[in-house]
Amino acid sequence: VCGAPWCCHALALTISLFPPPQHEHRNKLSVCNKICYAVGGAPYQITGCALGFFLQIYLLDVAQLDPFYASIILFVGRAWDAVTDPTVGFLVSRSPWTRFGRMLPWVVLSTPLAVLSYFLIWFVPPFEEGKVIWYLFFYCIFQTLQTCFHVPYSALTMFISSEQKERDSATAYRMTVEVLGTVLGTAIQGQIVGMATAPCLPGPADIAAGLNSSLSVGLNASAPVISLDDTKTAYMIASGVICIIYVLCAIVLFFGVREKKESCRPRSEPMGFFQGIKLVMGHGPYAKLVMVFLFTSLGFMVRTALFECFSSSSQLSATLAIPFWQWFLTRFGKKTAVCAGSLSVVPFMILVVCMKSNLIITYIVSFAAGVGVAAAFLLPWSMLPDVVDDFQVQNPDSTGHEALFYSFYVFFTKFASGVSLGISTLSLDFAGYISRGCSQPEEVAITLKVLVSAAPIGLILIGLVILYWYPITEERRQGNRKLLQELRDEADSETDSTELVNMI
């Protein structure tokens with residue numbers, strides 16, 4: 001730029017007197033930023049909670065589909081994410097940087113269509129022949145659009161700050177809001193639909209016992225008659241309220257979070273779809289963490305799908321327990337926190353099926369179980385940025401794959417939910433579940449006990465065995481953080497020096 005000796009000396013003097021500024025303050029997130037970021041996680045949890053708790057009942061009792069077709073819709077809808085999640089992650093990783101970032105445009109553009117498709121899931125079409133196709137189509141469409149929202153949102157964690165401490169703190173905010181989102185989803189759907197639930201229908205056992213007449217008299221005398229059309233309207237009203245919340249959360253996220261471009265690490269050359277999948281899934285720590293998350297989340301979702309009546313108590317305790325687990329993981333490590341939280345749930349899962357029916361004790365057990373749920377189900381999300389950092393340290397020339405990492409994580413979350421719903425629905429079908437029945441066969445009660453206790457415990461233990469071999473310890477995590485910070489500081493110094501040279 002300038003070959004004169006005095007120019008070089010001036011440059012050296014300038015750099016020595018005014019060293020490159022520290023960029024730590026750029027990575028600090030305000031409480032408002034963290035809250036706005038956390039609010040973006042609410043739509044996924046609210047809609048997921050409503051679908052997970054009520055779609056099965058809705059398809060069986062309101063849409064009046066056969067249990068077999070209902071299970072097909074639930075399973076295929078979730079399995080569809082086997083295509084959409086990695087595909088969206090791949091497309092996001094290759095999308096160009098805009099003035100709003102690379103992740104946020106996906107969130108904003110997918111919201112209107114996602115809201116529309118979600119509303120149509122809860123609409124009963126005026127025909128019988130194509131009902132199964134109707135629900136399967138809009139369920140799959142919504143899952144695709146929800147993926148276009150949630151995968152970029154999840155990957156946004158890596159772009160709101162390069163400081164590991166700030167990302168962990170933002171993740172804690174996000175977990176708190178997401179748990180509150182599940183409570184909100186249950187409350188909205190449950191309260192609105194609960195006020196317009198159609199009465200049960202007496203089954204063969206009731207008729208054989210001579211209860212048919214007494215049930216009919218009791219229902220007509222004790223409460224106003226609620227038609228099936230009233231129940232259909234209630235489901236549509238609830239879905240409309242949730243759609244409004246969905247849009248508001250997307251707006252708060254877009255205007256309250258600034259996506260930061262990682263200037264010190266330029267993106268590598270784009271690679272093919274299968275090449276990217278092979279690269280990401282071939283990273284050992286990531287593959288192990290995904291398997292841990294799959295089995296533990298599957299265990300909790302099998303239980304949740306059938307134990308919804310006490311979910312509010314568990315979700316409340318999980319919300320209150322998040323600050324404790326945030327302290328616990330900083331004190332003892334993330335791996336230890338997940339293990340301790342998972343094991344703390346097992347005794348309560350056993351107790352809830354062994355004790356006799358007691359509402360107060362059941363709520364206490366459910367509240368205590370929620371404390372463990374916060375660590376075992378939610379904290380693994382805080383481990384994912386560590387895996388991405390580990391990948392970047394081991395593959396410094398391959399960057400820009402954050403969306404792929406998060407896409408598979410989101411996929412296994414949805415896949416576990418779909419499998420749990422499919423298992424529970426088919427199990428109830430095989431056990432002889434009677435839709436809208438006032439009483440159920442004894443086999444149904446036994447099946448429920450297995451699905452809320454034995455099956456989740458087995459799946460959680462499998463996940464913990466895999467967690468034992470998870471290689472990223474606290475020492476390795478801190479080492480990766482220091483290496484990446486040194487790379488950032490070196491790149492920032494070179495950038496600032498170049499700017500000074502251009503100025504001189």
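Each residue, glycine too, has its Cβ placed from N, Cα and C.
Fair warning: this is a prediction, and the values are worked out from it, not measured in the lab.
These features come from TrEMBL:
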- 103-124: transmembrane segment (TRANSMEM)
- 136-160: transmembrane segment (TRANSMEM)
- 234-257: transmembrane segment (TRANSMEM)
- 286-306: transmembrane segment (TRANSMEM)
- 335-353: transmembrane segment (TRANSMEM)
- 360-383: transmembrane segment (TRANSMEM)
- 446-470: transmembrane segment (TRANSMEM)
Quiz item: What stretch of 103-124, 234-257, 335-353, 446-470 shows the most Cβ pairs under 8 Å to the transmembrane segment (136-160)?
Solution: 103-124
Quiz prompt | Same-chain residues at least 6 beyond the ends of the transmembrane segment (103-124) whose Cβ lies under 8 Å from its Cβ atoms | solution = 40, 47, 51, 55, 58, 62-63, 88, 92, 95, 131, 135, 138-139, 141-142, 145-146, 148-149, 151-153, 155-156, 159, 232, 235-236, 238-240, 242-243, 246-247, 250, 253-254, 257, 259, 403
Quiz prompt | CB contact flag for the transmembrane segment (335-353) and the transmembrane segment (446-470), at least three pairs under 8 A | solution = yes
